[in-house]
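What follows is a set of notes on a single structure, which appears directly below.
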Amino acid sequence: MTEKINLFDYTPKALADWFVAQGEQPFRAKQVLKWLYHERVYDFERMTDLSKKLRAMLSEKACVILPQVIADKTARDGTRKWVFQYACTNSIEAVFIPEDDRGTLCISSQAGCALACPFCSTARAGFNRNLTTGEIVVQVWLAKELVHCERNGNSRLITNVVLMGMGEPLINFNQVLPATEIFMSDWGFGLSKRRVTLSTSGVVPAIHKLREVTDLSLAVSLHAPNDELRNKIVPINQRYGLKALIEACALYAENNKQHGGITWEYVMLKGVNDTLEHAQQLADLLRNVPGKINLIPFNEFPNSPFQCSSWEDIVRFQQFLQKAGYIATIRKTRGDDIDAACGQLVGRVNDRIRRERQFQGFKA
């Protein structure tokens, strides 16, 4: 028997092609996707504008795979974290951050992460595998459902999606790209390009490839203003150095001017990357690339070799960048009391690749 397809894996075009292969009209895809994404209905028998024959065919050949919600926590500040478990027993985490004028959902692209950045708790958990397109998309679908049920039916509360959870999205390019297409499709979640952000640690070839097919918002986990330091705290820099990264981002920003350019993420680590000398190096490095700098207070976790910079040092760093002509903001820490803040997402990663030595021997 042929394995059933998971509808969450399919973009509108891919699903239309699938219907044609079944001897059906391509417009059936939009009918089904409207039920799935707009009405949040995945029981084919409830798709009342489909014929009985078509519903029977869908029941035989297609399905919707939902993960199990094994944890649902709400922080003091209203941030909400879910742990989703897939059939393979790996679990990943997604975080909803409500604000007065928006609701941001942070989702994962991999079970774990192989990049071994020593300031990130996710990296310590190791890496198992890439998530499928459907496993990425369903995080948004299920989060909308869970928020909808508790917020008087207001499904518009999730206004932004950021691929900043577990994993490096651009290593999982072939699964992430269709997911972003579904996020932005009118027959999917209908988000605008400026409301979908992909965060990368700097997979340079994939940034070039991404530029050729989309112009969604791009964030770069920079964290250091020179190669010597970045080689230590963002190890992928040993493969793709700052010169190549900045050049790739400058080209991407040319396609992305209407979205404000690149968002540069910079975690503030006490005594490591937080001096005014580092700020000057950062200002020089980013001089010709439009964008903004987001300073992130480090969120500590057990046995971490790092501490967060003092608030005074973070503000001093910000003010230096602002005087140098940059838009520089300090990210407000959200959800740290439930381990939902930046760098704290772990989930459960089975058959993982351990990275302990990366943490034990760090020296700034």
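In case you wondered, yes, glycine gets a Cβ from its N, Cα and C as well.
Bear in mind that the values here come from a model prediction, so they are computed numbers and not experimental data.
For the S-adenosyl-L-methionine site, Swiss-Prot lists Gly167, Glu168, Ser221, Leu222, His223, Asn299; matching the candidates Ser185, Ser192, Ser199, Ser310 against that entry yields Ser199. In three-state terms derived from DSSP, Ser199 (S-adenosyl-L-methionine binding site) belongs to an extended strand segment. For His223 (S-adenosyl-L-methionine binding site), the nearest neighbour among the listed recorded positions (Glu93, Cys106, Cys117), judged by C-alpha distance, is Cys117. Listed in sequence order, the recorded positions from Glu93, Cys117, Gly167, Glu168, Leu222 having a Cα within 10 Å of the Cα of Cys106 (disulfide bond) are Glu93. With a cut-off of 8 Å between CB atoms and residues at least 6 apart in sequence, the same chain places Cys120, Thr122, Ala123, Ala125, Phe127, Met166, Gly167, Glu168 near Cys113 ([4Fe-4S] cluster binding site), listed in sequence order.
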